[in-house]
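Structure first, then comments.
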Amino acid sequence: MSTSAPAAQDDVLRPASPPHPPPPSLLPPPHTSESCGELVEPSVSGLTQAVPFSSGNPRIEETRGIMHLYPEDATYSSTLPAGRKPLVCVIAVPNHMTYADFCQFCGAFIQHMFDMRIVRTNGVEDQYSVIIRFDDQTSADGFYQHFNGRRFSSLEGDICSVRYTVDVQYTGSIEHAQSSLTSSAEQPTCPVCLERLDQDTGGILTTICNHTFHCSCISKWADSSCPVCRYCQQQPEKSTCSVCGTSENVWICLICGFVGCGSYKEGHAISHWKETQHCYSLELETQRVWDYVGDNYVHRLIQSKTDGKLVELNFHCAHADDKHGCCECSEDSGFNEALLNSKLETIIEEYNDLLTFQLDNQRKYYESVLLELKEETETKISESVEKAIGLKLHKLQMKLNKFIEEKRFFEDINENLMKNQEMWKAKLQHLEEREQAAVKLRDKKIQGLEEQLGYLIRHIETQKVIDEPPDGSVATEIKGTEEGTNSIVNKDSKGELRRAIEKETDMVGSPST
């Protein structure tokens, strides 16, 4: 996009159909034959300060003007200047601050800006100024109160100085080189998004080189250079084959844009047609279209390099030698133009049909590719699932075998314990029976001994009665002596008897095993 023409620049900041008269644009008026003359030095006259500025690429076109600012003392006063407009100027912005950084610094106020223009202040090389026009006075006052005297960054000492602007006057422009003219009827577009530059849809920013963008688009450009200037300064890259990298005899597929070499090289363009069935290919050098299915050229129109218009291709002219050959066309130019106009609609329809057919083939091809990828993915997923299931099943089988072995081990232990339990039960029962038998035998012996003891006691008492003497002293003494003797005998007999019984009891209570 070229913005060197002031008429086109004037249309950049003018809404297409505004509901109310728009405020004056920041862009310069159309070109005049007057020279800009000498620049006015900064001076204070009355209530305003005149500051000269310039913008544009000095090698192509330079626009100069004067902006009238309120004095600094009036700007820093507690009350806002009377008669102010929604037009402010941010002066002394450091050069290291890119356009995107400044848009980010403005924050939410960017939505209320009609347009911004970057200008150079005369005599200052490391700084630039920004003229901002807001949609209403409230937004301008809010921007001034919020940013005036505030630092651009907490790490640096540069302070944002906002000045109310009374007016911006353009004294003229100087063209250093012939620039391309833009039609006044053509609506300017943003070079980044290619959308119409309309103030109703968003803010517009004009760079210091007179290129205009949407604020939302330029805020995403991290580089400090202008996107248009950078693109114009870059050399166009030469198309090369996507496979072998050669730049000779290169063809591009009209369906998918694949770039491959022709049959005079390694034939990657033909290989692409065989793989994808995209039969139309354009030769980049001659702009001719080849049909691989029909095995012939199918182009009808080519674009003229001089004026960019579409003209019908003459096959004799296309194959004529550029150095030694010549082409003589006997058709009248008016007749050719009429013939071209009559066939234009038919050719467009034919190309639309061809394009639709090829796009349909491309859709089918990519659908088949997607189907193959889907099947391949499903196969891989199923194989992965089967592999994972098999691995998990193997681990579970190993655990099961381990548990089975442990179960068998515990079953063997349990069986041995049961056998031992039966054996010890039998032994215990045998011991209980022996103990019962011993107890019975002991009781029987005790009973017999008690009977013998009772018999012995009765025998002794009977013997005592029989041997008792008649009454008398001698008899009494003899009786007393006998009773003492019997008592001693009875005590000794009872002690021996008791010991014998205890010994017998011990022998019965501890049977031999």
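Any Cβ shown, glycine's included, is placed from N, Cα and C.
Of all ranges given (1-38, 457-494), TrEMBL attaches the label region 'Disordered' to 1-38. Across all of the domain 'UBP-type' (224-317), the predicted model scores a mean pLDDT of 77.
Here the domain 'RING-type' (190-230) is broken down by DSSP into helix, strand and coil counts: 8 helix, 7 strand, 26 coil.
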